Amino acid sequence: MRMELISVIFFFFCSVLSSSALNSDGLVLMKFKSSVLVDPLSLLQTWNYKHESPCSWRGISCNNDSKVLTLSLPNSQLLGSIPSDLGSLLTLQSLDLSNNSFNGPLPVSFFNARELRFLDLSSNMISGEIPSAIGDLHNLLTLNLSDNALAGKLPTNLASLRNLTVVSLENNYFSGEIPGGWRVVEFLDLSSNLINGSLPPDFGGYSLQYLNVSFNQISGEIPPEIGVNFPRNVTVDLSFNNLTGPIPDSPVFLNQESNFFSGNPGLCGEPTRNPCLIPSSPSIVSEADVPTSTPAIAAIPNTIGSNPVTDPNSQQTDPNPRTGLRPGVIIGIVVGDIAGIGILAVIFLYIYRCKKNKIVDNNNNDKQRTETDTITLSTFSSSSSSPEESRRFRKWSCLRKDPETTPSEEEDEDDEDEESGYNANQRSGDNKLVTVDGEKEMEIETLLKASAYILGATGSSIMYKAVLEDGRVFAVRRLGENGLSQRRFKDFEPHIRAIGKLVHPNLVRLCGFYWGTDEKLVIYDFVPNGSLVNPRYRKGGGSSSPYHLPWETRLKIAKGIARGLAYLHEKKHVHGNLKPSNILLGHDMEPKIGDFGLERLLTGETSYIRAGGSSRIFSSKRYTTSSREFSSIGPTPSPSPSSVGAMSPYCAPESFRSLKPSPKWDVYGFGVILLELLTGKIVSVEEIVLGNGLTVEDGHRAVRMADVAIRGELDGKQEFLLDCFKLGYSCASPVPQKRPTMKESLAVLERFHPNSSVIKSSSFHYGH
């Protein structure tokens with residue numbers, strides 16, 4: 001009887017165990033769960049071994065055979081790695097782990113899931129290369145690996161997948177050439193990478209609707225074959241590369257917006273505003289460009305009589321010197337041709353000069369009503385230039401030149417100015433060059449003739465890197481008209497002089513400006529390492545996200561920003577538009593704050609003048625240019641001024657309601673940037689609100705929140721890391737009164753040195 005009872009109990013337990021055993025797909029997902037280190041939202045809490053299958057788990061869907069079809073956990077704040085075991089889910093068709101914090105490489109065996117149709121791992125921290133095994137996913141329809149840290153070359157077999165229609169790989173570090181193919185792709189975004197080489201001629205097909213390869217290092221000409229198979233309504237963005245030559249005369253390219261070709265100084269033709277030079281156009285050329293002989297002379301044999309000129313349609317059967325032209329006739333033809341060419345040259349030169357004289361005379365007549373027709377040099381040390389200094393500037397008439405300057409040299413100089421992007425047509429009259437540092441050596445002609453390279457552009461201005469003949473380098477912003485008028489110059493000049501007096505190691509130095517009839521230039525020191533939105537430092541658009549900067553450099557950047565803002569506030573100024581694109585990095589990665597003072601010029605809004613000549617200089621309405629539009633292309637000497645539009649995510653909430661800027665606005669922007677430096681990702685408003693509840697006991701939580709790339713450097717420094725997080729959240733508090741001052745914020749950061757774990761005591765309290 002006892003044996004029978006034991007047998008019944010044994011079989012009962014066996015049946016229970018067999019009925020509750022988790023299937024193979026569930027076991028694979030449990031391995032995935034074990035690879036997740038942080039799950040702050042407890043989304044994986046329902047995943048356990050008690051179920052027969054994972055079909056009831058959060059983020060999982062199955063087929064009728066309890067096999068996993070979908071794994072979807074986007075925006076879940078998960079931290080971990082992608083396990084190779086996911087490749088064992090042989091029926092998996094859709095995988096979405098976007099906008100999390102998964103890191104590490106993509107395992108090769110991960111691509112054994114051959115049924116995958118949708119793969120989205122965007123906005124993570126995945127590194128390494130894309131394995132060539134991705135070419136085995138023949139059913140793949142959509143691939144989104146954007147906003148990661150992937151590098152290496154793009155697999156050639158990726159472009160050959162016959163079902164792939166959507167490919168998004170932007171904001172990574174891919175290099176090498178773009179493989180040819182992509183015949184069935186409809187959406188292809190490879191922007192903001194390090195791709196070089198040339199565009200392949202066999203690229204895309206009739207299905208293509210969107211192509212973006214902007215902000216790369218692609219060089220060479222645009223192959224004419226590249227648009228043959230494109231539909232006419234396709235969008236093609238080739239901006240900010242190193243492309244050269246003419247844009248193919250194809251409806252595909254002619255239908256594009258001109259800004260889709262900007263940032264390529266070597267490109268010419270429609271739809272850009274840079275026409276291609278036509279060698280046969282009637283113009284006066286320099287002696288170096290003139291062939292050694294005229295066409296008539298070039299057609300004559302080198303030795304008279306050795307190869308006589310004959311009728312090309314006749315057969316030369318009996319060469320006879322007497323059938324050719326006599327030497328006297330030949331000499332007469334040559335002399336006549338030379339005389340004719342000389343007469344034509346004189347006529348063209350006369351017409352050219354007359355037209356230029358007429359333009360200059362008209363301009364001078366208009367300008368005499370308001371100002372003198374000399375170019376004045378002003379400095380802070382003297383309100384007006386001496387006569388000797390004024391004589392150093394020449395009137396820009398087409399007929400006026402130095403004695404040693406030839407007409408061809410004049411034209412070469414004009415061509416250089418046009419290629420540099422500067423307009424030299426209006427350089428007389430009420431033009432004014434103002435230098436704010438006493439540099440009397442800088443002349444407007446010297447600046448306008450400098451070698452210039454386009455660094456970036458916005459709707460209101462273009463930024464150039466200007467290299468003078470003596471080797472000095474400046475950042476020159478050419479401002480658009482945007483309603484700028486001469487009558488505003490009287491208000492602008494004292495304003496820009498006040499801005500020029502703000503000299504600090506963590507501020508971009510304003511060297512001067514030029515106010516002309518058709519040219520408004522603002523001159524800065526050139527800052528070589530670009531801004532925090534440079535692809536070398538950032539991960540994704542719109543955020544600093546400096547994933548590849550060590551903790552020591554990040555702390556240095558935070559301290560420098562705090563010092564610069566504290567100085568501005570001490571001088572009774574407000575920046576009002578602080579964001580990563582306005583944080584520039586010098587040779588030693590010392591930050592320099594830019595974009596203070598230009599809003600006054602562009603908008604003409606009333607500034608709030610205080611005692612001592614200081615002023616409030618910004619409006620609250622901002623338009624934030626994206627990293628793809630500007631600054632991601634490399635060194636950005638000065639950020640773009642903002643025009644009226646949408647608010648920046650770095651603007652304080654109260655700036656929506658108030659037109660008068662406050663130092664608390666800058667504190668808010670600093671707090672958001674500090675949190676991005678700490679976490680290595682964009683910080684949402686919800687996270688800022690939740691983070692304000694950090695307590696002293698949350699040291700381990702602060703470590704988990706920190707960027708994975710710097711956690712090793714912060715070992716044993718949890719207390720200071722927690723203080724940094726609390727400072728960032730306090731600065732970004734939605735309540736202005738709870739934000740510390742920049743002086744207090746700087747005091748917190750100065751307590752810690754990156755190479756030391758000693759933290760000095762501080763009397764600063766958060767949330768006061």
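Placement of Cβ uses the backbone N, Cα and C atoms for every residue, glycine included.
Feature annotation from Swiss-Prot assigns compositional bias 'Low complexity' to 378-387.
Positions annotated as compositional bias 'Acidic residues' by Swiss-Prot: 407-420.
In the three-state DSSP reading, SER451 (phosphoserine) counts as strand. The phosphoserine annotation in Swiss-Prot covers SER451 (among others) and is backed by similarity to another entry.
Positions annotated as phosphoserine by Swiss-Prot: SER531 (among others). A simple way to gauge crowding: the CB of SER531 (phosphoserine) has 31 other CB atoms within 10 angstroms, across all the protein chains here. A strand conformation is recorded for SER531 (phosphoserine) in the three-state DSSP classification.
Per Swiss-Prot, phosphoserine is recorded for SER662 (among others), and the stated evidence type is similarity to another entry. Every protein chain considered, the tally of other Cβ atoms within 10 Å of the Cβ of SER662 (phosphoserine) stands at 19.
Marked as repeat 'LRR 1' by Swiss-Prot: 67-90. With a threshold of 8 Å between CB atoms, the same-chain residues lying at least 6 positions outside the repeat 'LRR 1' (67-90) that come near it are 24-25, 28-29, 31-32, 35-41, 43-44, 54-55, 58-61, 96-104, 106-115, 120-121, 126, 704, 708.
Under DSSP, residues within the repeat 'LRR 2' (91-112) fall into helix, strand and coil as 5 helix, 7 strand, 10 coil. Here Swiss-Prot flags 91-112 as repeat 'LRR 2'.
Beyond the ends of the repeat 'LRR 3' (115-137), by six or more residues, the same chain brings 74, 82, 90-108, 143-155, 157-158, 160-161, 168, 539-540, 547, 680, 708-709 to within a C-beta distance below 8 angstroms of the stretch. Taken from Swiss-Prot, the feature repeat 'LRR 3' covers 115-137.
Through the fold, the repeat 'LRR 4' (139-162) approaches residues 93, 98, 114-132, 168-184, 189-190, 195, 539-541, 547-548 of its own chain, all at least 6 residues removed from its boundaries and within a Cβ separation under 8 Å. The feature repeat 'LRR 4' is assigned by Swiss-Prot to 139-162.
For 163-183, the entry in Swiss-Prot reads repeat 'LRR 5'. Within the chain carrying the repeat 'LRR 5' (163-183), a Cβ under 8 angstroms from the stretch's Cβ atoms is held by residues 122, 138-156, 189-205, 207-208, 212-213, 218, 535, 539-541, all 6 or more beyond its ends.
Here Swiss-Prot flags 184-206 as repeat 'LRR 6'. Counting same-chain residues at least six beyond the ends of the repeat 'LRR 6' (184-206), those with a Cβ under 8 angstroms from any Cβ of the stretch are 146, 154, 162-178, 212-223, 225-226, 229-231, 237, 243, 535, 541, 627-628, 632.
Listed by sequence, the residues of this chain that lie at least six past the ends of the repeat 'LRR 7' (207-229) yet keep a Cβ under 8 A from its Cβ atoms are 165, 170, 178, 182-201, 235-248, 250, 252-253, 260, 263, 267, 535, 628, 632-633. Per Swiss-Prot, the feature repeat 'LRR 7' maps to 207-229.
Tertiary proximity for the repeat 'LRR 8' (232-254) is limited to same-chain residues at least six positions away from its ends with a CB under 8 Å from its CB atoms, namely 191, 199, 208-224, 226, 260-264, 266-272, 276, 456, 632-633. Summarising the annotation, Swiss-Prot assigns repeat 'LRR 8' to 232-254.
Annotation comment: Swiss-Prot describes 22-328 as topological domain 'Extracellular'. In the predicted model, residues of the topological domain 'Extracellular' (22-328) average a pLDDT of 82.
The topological domain 'Cytoplasmic' annotation in Swiss-Prot covers 350-768, and the record cites sequence analysis as its basis.
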Secondary structure composition of the repeat 'LRR 8' (232-254) [DSSP: H/G/I, E/B, coil]:
4 helix, 8 strand, 11 coil
Please report the number of other Cβ atoms within 10 Å of the Cβ of SER451 (phosphoserine).
14
On the DSSP side of things, how many residues of the repeat 'LRR 6' (184-206) fall into helix, strand and coil, could you say?
0 helix, 4 strand, 19 coil
Tell me the Cα distance separating SER531 (phosphoserine) from SER451 (phosphoserine), rounded to the nearest angstrom.
22
Helix, strand and coil counts within the repeat 'LRR 5' (163-183) (DSSP):
0 helix, 7 strand, 14 coil
